[in-house]
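Reviewing the structure listed below.
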Amino acid sequence: MALSASAASAGRGSRAEKVRRIFERFDANGDGGLNRDEMAQLVVAVNPRVKFSEDQISAILDEVFRTYAEFILPDGKGLSLSGLLRTYDDGAGDVDRDFLALSLPAVDSDASSPEIAPGDAATPSSPPSGAAVAASLLDDHVKPLGTGGGAPPSFSSRAAAAAAAPAWATSPNHGIAFDSSWGLLDDLEILVKRLRSKQQRKGSIDGSVGGGAGNSNFDSFSEAGWSREISGAADSASSAAPWDETSRDYLTFVKELAVLRTRADASRSREEAFDNHMVIGRALSEHRLFRDALASFRRACELQPTDVRPHFRAGNCLYALGRHAEAKEEYLLALEAAEAGGSQSADILPQIHVNLGIAMEAEGMVLGACEHYREAAILCPSHARALKLLGSALFGVGEYRAAEKALEEAIFLKPDYADAHCDLASALHAVGDDDRAIQEFQKAIDLKPGHVDALYNLGGLNMDAGRFVRAAEMYTRVLSIRPNHWRAQLNKAVALLGQGESEEAKKALKEAFKMTQRVEVYDAISHLKTLQKKKPKASKGKDDGQGEQAYVVVEASKFKRVGRNTTLRQDLANALDIRSFERMTKLGHCDVELVRKEMNETDVPVSYSGTGIPEKSIRKAALEVILRRLLSFLKPDTFQGAIKAINERILSVLDAPGSGRVDLGMFFAIIAPICSGPVERRKRVVFDSLLFRPASEGSNGQIRRSDALTYIKLLRAVYIPAHGASDMLEMHGESDPTMVSYTEFLEMFNDPDWGFGILSTLVKLEESDHIRHGRHTCSICRYPIIGSRFKETKHSFSLCNRCYSEGKVPSAFKLEEYRFKEYGRE
């Protein structure tokens, strides 16, 4: 229904009165004009959520004074009252909202208004001026929160919108496309501000909430794997902000947020609704309300399933919430959409690869992460962070030279990259270049004095070099920054022991135990007490300064066995090494039947190597997925350690040319002997794994002798590298075309000299893990003996598995030969 002339006149008068009061509020010198300083104060006051720089303010004022030059008073007085009213009439601001924002007293509907010269005020049908075309920070057609009417925004210009809005809001590719989204954004900011204010007042949260990473100390660590450059500070938080989501205030906020979402769904088009939900989601992300942001991005995904942006943003939220597996799935959907989008998605593709790699690393899938970091670096060679993450991941799987190269490239692109310097130092230390490593650690510390990882790892380097005093200093610095860093506390105790400070070391160990309650720390404290009680008298033999018995190392030929059941010293050394690898990879807890199951269910296409031999090979990253299923009981960080050990010891042998591919059947055959299960079943799975290879298909349950020999060669190269198989190959040949049955294969496998006869010793170690020998302790290390006890028959001293395998005997007993008898049980 049309308004009467008198009603329209009254509304006009009320509006003009509000403009007059706003004008008088900022006309500080009372000269009838708003100069640049006064106008700047007005712009800032009615845009409380925007932080303007001086340049941005200057740009806004230039636009206003240029567009409304006819209303500028002489002598520097500035914009007249008529000019300010004109800006509002042109749609450059919302009078009502600005009036409320300034908390000015209400205006009666019949209030008188100043006289305005004819023509000063534009009619509603007048075309908007230059500043108004660009309009405002928010839309003048959007309904205010919870109402049905329109509400233009606070006084601003397009210059303000471009200069002061968040970067993502004005980005041509990922910013705000519809005017209605601006209104939703402004109303959402009000809701969040209200929620924050209430929760701060009640002490539920601190002042950092809603401001990105807040006052957290994440920067003192090496980056945990979150892409700040591509996701923004809000998305880069390693965990959700501590909003109190159980409070009544938060539940009220959620209900009010639902109203905004309903408004978004009621948009005129699917595209506009999509833009609305994306804006809501990104704003919530900026305030670290990731759970609520996720709901908005999920709705956007429903509206436009093939758009890359909502999947990418949803992945960021899921990662921030610690839901890494779901984050990975969203990034994969984003990757699929980006690859289908062609050149339109080229800019975001490297970002997706980086964040996908980060999510995979959080699950322990480091080999897969390497592939995505590498792809990001190829797509964007100047992406220093992608190169840094690639180098760190390569270091994590034991490929130190490749890690060194990637990290050096990252530093070349970004010389002040403290985390890259730190990880490069770690890689250099791993390859034995300690001088350069110290320099790089020091660069990281110079760039970031509180860099915990650099200090901690520099302490480790000094420990390895025997510089215990310097190591203890580094660990002390770590603890000054991170008082609850139990590993630093534990290593400080070890460094103090190295200095001979037993009492101080004991105190440090007790502190570490308080922090972590780990049983291994408790055992270390108990052992230290035992050493102090039993500390031997000084002798001329070796003594480590920590109370161990002085000893000498004798050559293997002087160790004689009493009875055939006593294990040879060298065999025990090899078996202990394999057992250590078995424990590190946790393959000893993987049922060998699961390997057979993977073999039967994994469909691998046949490919051809450079020699033309058919094989079922897969990429390392795909093999990692299979291993994740086999070792599904492991936590991500433990699985990452297992992958590193497997890559260093097995994959480096199977992929000697560095192609990145591995013969799957051969890999299964290599790991089967150290999986759990009866020995005969392990051997059967080995044989079935060799049958799984294309060369053995259709051979009536037999394999080629040459394949069997190749397998045993690789098996020994992996597990007994000091005793390679070159002699075996020279004697038996590797091109024998004859076929062998399972029985014949077992004869080859069980051969103690040329096969893998050591498996029987390994099984004995597995079975004796929990065997104790009463009060018997090792005469060298003084630890209680676990597993087999080796007793020297003449002098009756006892050795544990480890000391026997290393040839250590007490220096008090110097003999031409030592005769040992092995006791499995007392």
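Every residue gets a Cβ built from N, Cα and C, even glycine.
Curation plays no part in TrEMBL annotations; they are all automatic predictions.
Summarising the annotation, TrEMBL assigns compositional bias 'Low complexity' to 117-132.
Taken from TrEMBL, the feature domain 'EF-hand' applies to 14-49. Across all of the domain 'EF-hand' (14-49), the predicted model scores a mean pLDDT of 86.
TrEMBL lists 109-132 with the feature region 'Disordered'.
Annotated repeat 'TPR' per TrEMBL: 384-417 (among others), in sequence order.
Annotation comment: TrEMBL describes 418-451 (among others) as repeat 'TPR'.
Residues or ranges marked as repeat 'TPR' by TrEMBL: 452-485 (among others). Under 8 Å from some Cβ of the repeat 'TPR' (452-485) lie the Cβ atoms of residues 220-222, 418-419, 421-422, 425-426, 429, 434, 437-438, 441-442, 444-445, 491-492, 494-496, 498-499, 515, all in the same chain and six or more residues away from its ends.
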The repeat 'TPR' (452-485) - residue tally per DSSP class, helix then strand then coil: 27 helix, 0 strand, 7 coil
DSSP-derived helix, strand and coil totals, residue by residue, for the repeat 'TPR' (384-417): 27 helix, 0 strand, 7 coil
Long-range environment of the repeat 'TPR' (384-417) - Cβ separation under 8 angstroms, sequence gap at least 6: 222-223, 225, 227-230, 350, 353-354, 357-358, 361, 366-367, 369-370, 373-374, 376-377, 423-424, 426-428, 430-431, 447, 640, 643-645, 647-648
